[in-house]
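Asks: Below you will find the structure I want to go over with you.
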């Protein structure tokens, strides 16, 4: 069991301005800090992109959650709104990769992701906490977005300890009470765990953790001019975290032609048909489901 002492917990909402659950949870906690009180834990909440939240837009000029590459944080010539805001957050929460703070970044998605923890590293502390949360709520899934030899650019990468919470499905720009409450419960369960760690206790954990390891992203079918040529197949829509086998339908073209998954092994797609990913050329992320032993 990793015995890190957590100096402070930072909860970030509104990294994307049209994801309102995180924003309004942060506002709720800031209005009544006693909701987060734990005797051995200091917790602070902040809004990641206040201007985007004010305008109810994902971002002003570029995606804040892709602005945390270290070279970009050190490059003061980068002057777009979110690039500047990333530097502000880095000054508050950095240096990047520190292990003193624990960071929770709150997100929501139009995809049928349920309750998902997104890990951006293999730190044992994060894996243990993820196992604790999945043990207390089997509906929670764990997605590990790590790629070999590629630095992560997410807000949550500012700290070694922590992760993003992604909940859905929910349309952009609105609140859903059920997902709001489920996210709030996850936050409280996380703080309960961290409080135990700071007291020197070792919360009981399962011996294994099921996680979904990132493999690759898949784009939509496109024309030779780069225009959209199809959409998610009806048989795949909403089936996040369900197995996709070679030969299964994956896309339907505008001419009603079914395109089939041509991979050589079973994968588990997630973020299927996420609205914000159209501009990124991402129809879904493919993952591999695996059980890992906890040390």
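Here the Cβ of each residue, glycine as well, is placed from N, Cα and C on the backbone.
Quick paste from Swiss-Prot:
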- 16, 19, 107: Zn(2+) binding site (BINDING)
- 58, 65, 66, 166, 277: substrate binding site (BINDING)
Asks: Please list residues from the chain of residue 277 (substrate binding site) whose Cβ is under 8 angstroms from its Cβ, counting only those at least six apart in sequence.
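Replies: Those within reach of residue 277 (substrate binding site), by Cβ under 8 Å and sequence separation of 6 or more, are 271, 283.
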Asks: Taking 19, 58, 66, 166 as the binding-site residues to compare, which has the smallest set of other Cβ atoms within 10 Å?
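Replies: Comparing Cβ neighbour counts within 10 Å for the binding-site residues 19, 58, 66, 166 gives 66.
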Asks: Compute the C-alpha separation of residue 107 (Zn(2+) binding site) from residue 65 (substrate binding site), stating it in Å without decimals.
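Replies: One finds 10 Å between the Cα atoms of these residues.
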Asks: Let me check the 10 A CB neighbour count of residue 16 (Zn(2+) binding site). How many other CB atoms are there?
Replies: 27
Asks: I'd like the Cβ neighbour count for residue 65 (substrate binding site), meaning other Cβ atoms within 10 Å of its Cβ, all protein chains included.
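Replies: Looking across every protein chain shown, the total is 23.
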Asks: Helix, strand or coil: which one is residue 166 (substrate binding site) in, per DSSP?
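Replies: Its secondary structure by DSSP: strand.
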